[in-house]
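Over in Swiss-Prot, the protein carries these features:
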- CYS79, HIS81, CYS99, HIS102: [2Fe-2S] cluster binding site (BINDING)
- HIS206, HIS211, ASP360: Fe cation binding site (BINDING)
- 37-135: domain 'Rieske' (DOMAIN)
Amino acid sequence: MIYENLVSEAGLTQKHLIHGDKELFQHELKTIFARNWLFLTHDSLIPSPGDYVTAKMGVDEVIVSRQNDGSVRAFLNVCRHRGKTLVHAEAGNAKGFVCSYHGWGFGSNGELQSVPFEKELYGDTIKKKCLGLKEVPRIESFHGFIYGCFDAEAPTLVDYLGDAAWYLEPIFKHSGGLELVGPPGKVVIKANWKAPAENFVGDAYHVGWTHASSLRSGQSIFTPLAGNAMLPPEGAGLQMTSKYGSGMGVLWDGYSGVHSADLVPEMMAFGGAKQEKLAKEIGDVRARIYRSHLNCTVFPNNSILTCSGVFKVWNPIDENTTEVWTYAIVEKDMPEDLKRRLADAVQRTFGPAGFWESDDNDNMETESQNAKKYQSSNSDLIANLGFGKDVYGDECYPGVVAKSAIGETSYRGFYRAYQAHISSSNWAEFENTSRNWHTELTKTTDR
């Protein structure tokens with residue numbers, strides 16, 4: 001398969017087949033998931049030595065373990081002897097892990113510690129130091145959110161987040177920090193992983209129509225959009241994208257998010273009081289970002305609705321199947337009752353049986369299923385909404401930015417980075433291809 005022209009210049013169109021091609025999916029495992037930073041867990045889920053969770057990195061499962069010195073390490077969840085899955089629990093606390101096949105035992109640091117009948121059967125031929133679990137070589141944290149990367153040449157996590165970090169820090173850092181409420185709700189959908197990732201990267205266009213019934217029944221601050229009764233007013237938000245594909249849409253002052261009327265007064269009061277405090281520390285603009293609704297995707301497959309408290313990982317299974325993990329995010333200093341109610345509301349709206357989630361899944365699944373059909377697969381998907389209005393170097397807002405609540409700026413940035421990865425054999429080639437990334441995205445010539 002030829003991978004060079006699946007996305008047009010500036011990400012304006014994508015071949016529909018990218019959502020359903022088996023060969024391309026295998027190529028993505030090598031060029032996307034083995035190369036980029038992938039979300040693993042949060043400090044709040046593994047606070048003590050010996051705490052561990054299992055997570056996915058592409059189709060591979062890893063054990064993420066808090067070490068005795070407080071550091072975090074991650075290892076493939078595969079016994080080095082005969083390749084059996086080592087840990088079947090989603091989370092726990094353990095000094096080590098013993099394989100249920102032949103009983104080989106590994107420490108929480110990944111080292112091979114015990115082999116049954118080692119002397120009798122192997123003599124002195126077992127070199128334990130060479131037979132530890134395969135380790136994820138790079139682990140870094142963004143204000144408690146832990147990511148892993150298999151590629152030694154990748155930029156640091158902060159550099160990888162790029163301009164998106166500026167928008168995320170008001171709530172991830174300056175708010176006083178976040179907690180992740182787990183274990184995640186899990187569900188398998190018959191959709192390519194990119195379908196939900198692109199939707200969450202900044203698609204406000206679909207909200208009024210796709211979610212019309214959910215908006216009406218929930219009576220959230222976004223209910224006036226139901227049924228496309230209106231557009232967000234001018235100046236209601238912005239979109240942004242970055243060099244490495246992470247991007248978002250911002251809806252100003254949307255702190256209570258998609259949640260229903262019973263949560264709105266308490267959330268708006270809590271967020272309003274903190275916004276006033278933050279304005280003195282980080283300025284009015286970033287304090288307003290804290291209290292605004294960000295729908296964001298950290299490239300490639302981690303999505304966040306900040307004020308709605310939704311945190312997603314789109315774990316690929318194959319070219320047409322994705323396992324969706326849904327956590328709730330809450331602010332550390334929220335009252336415990338508000339934390340609980342917000343976490344419950346996340347599962348009601350965007351959990352496995354959530355009504356907003358159900359609205360979206362039909363779109364994702366049919367988009368992906370049609371990608372496997374002959375005529376459909378060869379057609380172009382369009383992402384040109386707002387093209388020509390994007391700017392780079394705005395005096396206030398970093399990244400490539402469009403000052404509109406609705407558009408496809410972040411779609412284009414996501415797929416520009418995607419194309420650069422799948423047509424590059426390593427990070428050096430990606431960087432060379434991306435040296436003029438913002439110029440490409442902000443051209444104003446007709447396409």
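Heads up, the Cβ atoms here are built off N, Cα and C, so glycines get one too.
Small disclaimer: the values here were computed from a predicted structure and weren't measured.
You'll find the Cα of ASP360 (Fe cation binding site) roughly 43 Å from the Cα of HIS81 ([2Fe-2S] cluster binding site). Excluding the listed site residues CYS79, HIS81, CYS99, HIS102, the same chain places ARG80, ARG82, LYS84, LEU86, TYR101, GLY103, TRP104 with Cβ atoms within 8 Å of the centre of the [2Fe-2S] cluster site Cβ atoms.
HIS211 (Fe cation binding site) and CYS79 ([2Fe-2S] cluster binding site) are 45 Å apart (CA-CA, integer value). Cα of HIS206 (Fe cation binding site) to Cα of CYS99 ([2Fe-2S] cluster binding site): a distance of 47 Å.
Shown for the domain 'Rieske' (37-135): DSSP residue counts in helix, strand and coil, namely 11 helix, 39 strand, 49 coil. On a Cα basis, HIS211 (Fe cation binding site) lies 46 Å away from CYS99 ([2Fe-2S] cluster binding site). Distance between Cα atoms for HIS211 (Fe cation binding site) and HIS81 ([2Fe-2S] cluster binding site): 50 Å, as a whole number. Sequence-distant neighbours of HIS102 ([2Fe-2S] cluster binding site): residues of the same chain at least 6 apart with a C-beta under 8 Å from its C-beta are HIS81, ARG82, PRO116. Same-chain residues with CB within 8 A of the center of the HIS206, HIS211, ASP360 CB atoms, the Fe cation site residues themselves not counted, are ASN199, ASP203, VAL207, TRP209, THR210, SER214, TRP356, ASP359, ASN363. Of the listed binding-site residues, namely CYS79, CYS99, the sparsest CB environment within 10 A is found at CYS99. Of all the Cβ atoms in the protein chains shown, 23 others lie within 10 Å of the Cβ of ASP360 (Fe cation binding site). Of the listed binding-site residues, namely HIS206, HIS211, the sparsest CB environment within 10 A is found at HIS206.
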